[in-house]
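Features as listed in Swiss-Prot:
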- THR14, ARG18, THR267, GLY310, GLY411, ASN415: ADP binding site (BINDING)
- THR14, THR15, SER16, THR267, GLY310, GLN314, GLY411: ATP binding site (BINDING)
- THR14, ARG84, GLU85, TYR136, ASP245: sn-glycerol 3-phosphate binding site (BINDING)
- ARG84, GLU85, TYR136, ASP245, GLN246: glycerol binding site (BINDING)
Amino acid sequence: MNNQPVILAIDQGTTSTRAILFSATLEILAVQQKELKLHYPHKGWVEQNPEAIWQDTLEVCHAVLEHNVSMVGSVAAIGITNQRETTILWDRKTGKPVYPAIVWQDRRTDIGCEQLKAQGYEPMVTARTGLLFDPYFSATKIAWILDNVEGVRSRAMRGELAFGTVDCYLLWHLTGGKVHATDVTNAARTLLFNIVEQKWDADLLTLFNIPETILPEVRDNAARFGMTDRILFGRGIPIGGMAGDQHAALIGQRCFRPGMVKSTYGTGCFALMNIGSDFKPSQHRLLTTPAYRLNGKMVYAIEGSIFIAGAAIQWLRDELEFFQEVAASDALALSVPDSNEVYFVPAFTGLGAPYWRPDVRGMISGLSRDTTRVHIVRAALEAQGYQTRDLMAAIEEDGGHHAEIIRVDGGLVANKFMCQFLADILNKPVEVPKITEATALGAAILAGLTVDLFADLEVTGCYWQRDKIYTPTITETERERLYAGWKAAVQSLLHASRN
Ligand SMILES: Nc1ncnc2c1ncn2[C@@H]1O[C@H](COP(=O)(O)OP(=O)(O)O)[C@@H](O)[C@H]1O
Ligand SMILES: O=P(O)(O)OC[C@H](O)CO
């Protein structure tokens, strides 16, 4: 019988939805997971069904609690973390979405972003939001729904509709439609939230032609977000933590000191460095974003965003049918000494930082008669290292700190070849924690803070444990030779796409 308090973390990712029960000493007690479908109705469009997102969330929460009935009464708080930027508009009365969720990877608004850039607005937007014009962020997705789905703009103007990223949509449903709120990290990914003044920005709302009536209230990451509707779990449970998945992973990896870096390899890859309490716009086309805000005090991070990481391995599995399980890619990559000069640039949905080219698409180069599928698999895993290397020096310069070590997490870090290659190409040690579910862990920490299971963030540091460390093994000459090949491949792609 377990009478100790436990925390339920909901991690709604792009590829799957997870519910994880954590003990008060932050060990994983139980996990339930369900894969989520992506839909590609047109080239460059990526959508998900919001109702499936909510139903899957409820299903995994019920499953994890049903399998651990003794713990149901012990859930002290819920923490929510989520794929960011993905945009949902729904009817405040019925909860029904007015359109599918437009996923962060969706590129349908790239021309609109180009036009705004050409009109010279980008410096102002970067100074206020830390972001730049790219279809990645929510604002142009919201505007697209308002402008393209019949009747939606007038319903929004009448106050009938609510906008939210996935965290906000889940909170609304978990509280039975009572709370329309988000947290500062998710708000910061919309292009509408001023992260210096920490409020929705009236000029940006005008620029994107978005009515304020649809926006949620913005709260700290550890806050009383509301109680779950009794109908859902038989009793009201406080929702105490909320953060976008990359910010939650920074917390889960305990990167509490300026200069500490984590890189999460899930569907995409996102490397964040904690830069402390001063806002600094990037000089290298990276993003400045809230790391977290607690008791009203903001800590910022510099972020490098890579759109495709694990998704490339899934593509090899599902579309090319190279293997049945993504885990098989590890042994395959290790079965050859190198990638035989093959480079795989996984720009399926454009290139993110530092290139920001929504128009380009993926490329596999260097194919010859003796290329095998194994070389392509290896090149796809190596691409994760190269993409991270593209960001690291810029993150260090923007952040003003040398990163001694990189803490990694996410589904892909189960792949030993990928982790070793990352250490080799970055020329830095790569640390894998015992709990690689850093995202859910971060949400659990935030929820635990609100219900006083932890006095402050720092006390949770003692529960972080390293599982493995990968150290560089290749020579400088080899490292630079490999990286030069990657740079040449990316340049040829960028050049070909411009012509
Ligand atoms: N052993 C592995 N080797 C390579 N890729 C893997 C491995 N295990 C998981 N992945 C990839 O990791 C991704 C899932 O990671 P996860 O952190 O759950 O993602 P998300 O939070 O985006 O849903 C998938 O894209 C999958 O292809
Ligand atoms: O689904 P993930 O874990 O790759 O994360 C998605 C990001 O939050 C998008 O910004």
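Glycine too: its Cβ is placed from the backbone N, Cα and C atoms.
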(request) List, in sequence order, the residues of the same chain other than THR14, ARG84, GLU85, TYR136, ASP245 whose Cβ lies within 8 Å of the centroid of the Cβ atoms of the recorded sn-glycerol 3-phosphate site. (result) ASN82, GLN83, THR86, TRP104, THR165, ARG189, GLY244, GLN246, GLY268
(request) Mind telling me which of the binding-site residues THR15, SER16, GLN246, GLN314, ASN415 has the densest Cβ neighbourhood, counting other Cβ atoms within 10 Å? (result) GLN246
(message) Around the glycerol site formed by ARG84, GLU85, TYR136, ASP245, GLN246, list the extra residues of the same chain whose Cβ is within 8 Å of the site's Cβ centroid.
(response) GLN83, THR86, TRP104, ARG189, GLY244, PHE270, SER305
(request) Under 8 Å Cβ to Cβ from ASP245 (sn-glycerol 3-phosphate binding site), same chain, six or more residues apart: give me those in sequence order, or none if nothing qualifies. (result) ASP11, GLY13, THR81, ASN82, GLN83, ARG84, THR264, GLY266, THR439
(request) To the nearest whole angstrom, state the Cα distance for the pair SER16 (ATP binding site) and THR267 (ADP binding site). (result) 10
(message) Here's one to test understanding: among the binding-site residues THR14, ARG18, GLY310, GLY411, ASN415, whose C-alpha is closest in space to the C-alpha of GLU85 (sn-glycerol 3-phosphate binding site)?
(response) THR14
(request) Out of the binding-site residues THR14, GLY310, GLN314, ASN415, give me the one sitting nearest to GLN246 (glycerol binding site) by CA distance. (result) THR14
(message) Just to verify a number: CA distance, THR14 (ADP binding site) to TYR136 (sn-glycerol 3-phosphate binding site), in angstrom, no decimals.
(response) 14
(request) Tell me which binding-site residues (ARG18, GLN246, THR267, GLY310, GLY411) have a Cβ under 6 A from ligand 1; sequence order is fine. (result) THR267, GLY310, GLY411
(request) Check the binding-site residues THR14, ARG18, ASP245, THR267, GLY411 for any whose Cβ is under 6 angstroms from an atom of ligand 2, and report them in sequence order. (result) THR14, ASP245, THR267
(request) State the count of C-beta atoms found within 10 angstroms of the C-beta of ARG84 (sn-glycerol 3-phosphate binding site), not counting that atom itself. (result) 26
(request) Sort out the sequence-distant neighbours of GLY310 (ADP binding site) for me: same chain, 6+ apart, CB within less than 8 Å of its CB, listed by position. (result) THR15, TYR265, GLY266, THR267, GLY268, VAL326, GLY410, GLY411, LEU412
(request) Can you check which residues sit near ARG18 (ADP binding site), meaning Cβ under 8 Å from its Cβ, same chain, 6 or more apart in sequence, and list them in order? (result) ALA9, ILE10, ASP11, GLN12, VAL31, GLN32, GLN33, LYS34, VAL60, GLU437, ALA440
(request) May I ask which residues of the same chain, at least 6 positions away in sequence, place their Cβ under 8 angstroms from the Cβ of TYR136 (sn-glycerol 3-phosphate binding site)? (result) GLU85, TRP104, GLN105, SER305, PHE307, GLY352, PRO358
(request) Would you mind pulling the DSSP three-state label for THR14 (ADP binding site)? (result) coil
